[in-house]
Every structure is written in structure tokens, then in C-alpha cells.
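Sharing a structure, written as C-alpha cells. Questions coming.
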Amino acid sequence: MSVIFSGIQPSGTITLGNYLGAMKQFTELQNEHDCYFCIVNQHAITVPQDPVQLRKNIRSLAALYVACGIDPEKATLFVQSEVPAHAQLGWIMQSVAYVGELERMTQYKDKASGRDSVPAGLLTYPPLMAADILLYNTEIVPVGDDQKQHMELTRDLAERFNKRFREVFTIPEIRIPKVGARVMSLTEPTKKMSKSDPNPKSMISMLDEPKTIEKKIKSAVTDSEGIVKFDKENKPGISNLLTIYSSFSGKTVEEIEAMYEGKGYGDFKGDLAQVVVEAIRPIQDKYNELINSPELDEILDKGAEKANRVAFKQLRKVENAMGLSRKRR
């Protein structure tokens, strides 16, 4: 049974892209693997956060994890800040990382571009991410392809530590799903769908009302050709919608293309909206049951307890290898 770790920031709503790129596959992975699913709230504070809203976002994300099918009897669901070893190992991994390689991270360059003042946390985000993963002897990390560079750095840092001190860390493998790994914006289909996009029409939230979902899909940018065909380079808009349809329906892109041969985008978009609405309806129902229930707190308490046991043990191995731990007389 392989160990799997994955984390999502509680920085606003969860999009269709988050669900298809990560959460949907989690429900399958938990049946065959030892899974740790972490709400990485310490990563969220690398940008300014309102304390009240952040607290709400953490709880909302936890409820969505369970509503999407995460079973606390099979997987460990917890909040990053409730396991102190994450921040402790994050500092240690900063001492292993080099400033140059951190500055080369694409996400850092994108977020720091054009800013007069750049929080140090944006630069040191990857070592903390590495710590998140390495604390649990993680073997597989399911991520969207936009996180591939950070994962490669995690592997580099783990190998560097193992060579410099001793073999402590398991080198994690990257798993990127074939379909739905990168859901694009509905308004600018050459960009990733993002919860931070200022245009609300660009993304679908997992908590959007059915009518809102229908409006967003029907207004999604396509092209003037009117043929439902996958062509990422020349038809990025319709290709993105085909990816979403395929991910929710279980049908291949080719099967969907055949279904809409001779039909226009209007029919396709209308049907896609219904597919999405029906797929996320039970998730929304379960979310509403959980969000204010003591059951959710019990799940998070239990998850933090288990994560702390495992993480503390690994942190002690790291400290022993580095000579940080005190030998008692």
C-alpha cells in the first residue's frame, strides 16, 4: 500500500478544475493507498488573508473534501497548521534549498512580477511544500501539471538531503491524471481555470447554483466554426469543454464528438451544463449537511492526531541525521 499526500489551499472557493484535477481522483486512490489529504492553510498566508474569511475557507474546504467522497475511515484529512512539524521541517528544507533555484520557480516569478514588495513566503513556498510531502514518507503525489516544477524541486531537495546526511526521505513520484489535469478558464481558454481570477465567469465553483453553472457554460468562449471537435491548438475553448464533459461523464472525447456530429455548440453546451449540475448536486447536498456539524470537527481532530504521530516521528529522524537533536546523558 503506497503512501499518497496531497494538499489544497483554503484560499477561496473550490473550482471545477480543483475537483477534476485532484479531488475526484482522491476518492479512488483512498481505496488502495494510505492517503494524507492536507488543508495547507500556512501556504495560504503567503498572500494577505482576512482572518475571519480564512477560518471560514478552512472549514468549507474540509467539508468539501468529505462531501466529494473522502472517507475519514480510509484517509487522513487534517489542517496543516494543526501539525507543527510542517513548519519545523519547512525551515529545515529552506536550509537545504538554494535561493537561485527558488527564484527560478515559474509560480514565484509570476506572482512576484510587477510587485514592489514581495513576501519572503512566496519565495520559500516550495521548501514548505517539500516538507508537507516528505513528512509522511510519501511515495505518490497526485498533482495538476502546473505543480510539476515544484514537485521536481521536492525530489531534488530530498535527494540532496539524503546525500548530505543520510537516507531519511522517500523520493516521491509525481502522478498527473490524463484527463482533467488542467481545466482551463471559460473566458480565456488558454489560461488555467483559477479561483483567483477577477472575472467570476471564468470559473465554476463547486458551490455554484445550477442556474449560475448553466449561464457560465453557455457564455463560455468557443469559436465561430460551430463543430464539436477536440483541437487544443486551434479550438481551445471547445476542447476545454470537451475535457470537462469527458471527465464528468466517463465518456471518451471521441465518443462525445460522435454524439454531437451535425449539432451546434448550443446543444452541446446545454447538455454539458446538465451533466455538470447533476454530477455536483449530491456533493453540494452533503456539504450543506457537514458545514456546521460537530462531525466535521471530529473528523479533523482525528486526522490531526494521526498526522501528528507520523510527522513527529519523521521530524525526529531528520533532526537526528542533522545533529540537531540533543543526546541525553
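Note that Cβ sites are derived from N, Cα and C of the backbone, with glycine treated the same way.
What Swiss-Prot shows for this protein is this:
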type	residues	note
BINDING	Q9, P10, S11, G17, N18, G144, D145, D146, V183, K192, M193, S194, K195, S196	ATP binding site
MOTIF	10-18	motif ''HIGH' region'
BINDING	D132	L-tryptophan binding site
MOTIF	192-196	motif ''KMSKS' region'
Near K195 (ATP binding site), which residues of its own chain have a C-beta under 8 A away, given they sit six or more steps off in sequence?
S11, G12, T13, I14, T15, N18, M203, S205
Under the DSSP assignment, what numbers of helix, strand and coil residues are found in the motif ''KMSKS' region' (192-196)?
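DSSP composition of the motif ''KMSKS' region' (192-196): 0 helix, 1 strand, 4 coil.
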How about long-range neighbours of the motif ''KMSKS' region' (192-196): same chain, 6 or more residues beyond its ends, C-beta under 8 Å?
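Those are 11-18, 144, 146, 182-186, 202-205, in sequence order.
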Just to verify a number: CA distance, D145 (ATP binding site) to D132 (L-tryptophan binding site), in angstrom, no decimals.
18
Helix, strand or coil at S11 (ATP binding site), per DSSP?
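DSSP assigns S11 (ATP binding site) to coil.
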How would DSSP class N18 (ATP binding site) in three states?
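Note: N18 (ATP binding site) is helical by DSSP.
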What is the separation, in Å, between the Cα atoms of M193 (ATP binding site) and D132 (L-tryptophan binding site)?
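If we compare the Cα positions of M193 (ATP binding site) and D132 (L-tryptophan binding site), the gap is 25 Å.
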